[in-house]
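TrEMBL has this to say about the protein:
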type	residues	note
REPEAT	8-99	repeat 'Solcar'
REPEAT	108-196	repeat 'Solcar'
REPEAT	207-293	repeat 'Solcar'
TRANSMEM	12-31	transmembrane segment
TRANSMEM	75-95	transmembrane segment
TRANSMEM	107-129	transmembrane segment
Amino acid sequence: MAKQPQPISPVKNFFAGGFGGVCLVFVGHPLDTIKVRLQTQPKPQPGQTPLYSGTFDCFRKTLVREGVRGLYRGMAAPIIGVTPMYAVCFFGFSLGKRLQQRKPDDVLTYPQLFAAGMLSGVFTTVIMAPGERIKCLLQIQAATGETKYSGSLDCAKQLYREAGIRGVYRGTVLTLMRDVPASGMYFMTYEWLKNILTPQGKSVSDLSVPRILCAGGLAGIFNWVVAIPPDVLKSRFQTAPAGKYPNGFRDVLRELIREEGVASLYKGFTAVMIRAFPANAACFLGFEVAMKFLNWIAPGI
């Protein structure tokens, strides 16, 4: 295993992670919109065709009906939340690594990196859950033809007015179920691929841009292989009318399996996988560039 850059700086990871998250949203939001619409489209009645036949049909219909702006529907919520969320995410990962080191130059094993990644998933849920709730509601309302919310802030206000803070944070448990194991896989895979792609005798901090993009993109794919089933349940639960699923994700799971089979847990798979590589490649490249800049202007932190 190639030696990890030392020492670990949670402060630098915080700021560099925030910049990486902004890069991810700009690159990946259009396909995230497609993913949510595919995951939440209603089951067609007998004899009716589904609203969208697949990823490319959803993409085409969105462009025709709403233009390019339709692909960026609901982006304000993740943009507002993504900078602190990814800042906290990378901070949590670096803190998880640091807590497992006995001395600053210790090189962590892959299970330890997975555990550090899981900690980052716990850290981000507080920010992620309400942002995901608002984003999903805004993404599907254009498809239904009903304009209930004028934007992210209006959506948040209405949710709070209707059900208090619990309404805003609806789906938190499912967000945890998605992000904790997926974040472990995400960071462990990225570190593993960086080590594999590092030439003999070189440092991982000297990786070329194409190799960083490759490692980051593949890490995003591994992340979503783990995350898709709970993400489908989360999207359904967060966009359902109040009271539809009194027992939470168990009711959502039972309904999906009963009506659409196990394959329904991988709805939006194509859109997710098409999005995962470029979005996460951009995220990690943004993170690494920001990290090098911070190491240059503040080497002692």
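Numbers run from 1 along the shown chain.
Just so you know, glycine gets a Cβ as well, placed from its N, Cα and C.
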Exercise. Could you please provide the mean pLDDT value for the repeat 'Solcar' (8-99)?
Key: 86
Quiz item: For the repeat 'Solcar' (108-196), DSSP counts of helix, strand and coil?
Solution: 77 helix, 0 strand, 12 coil
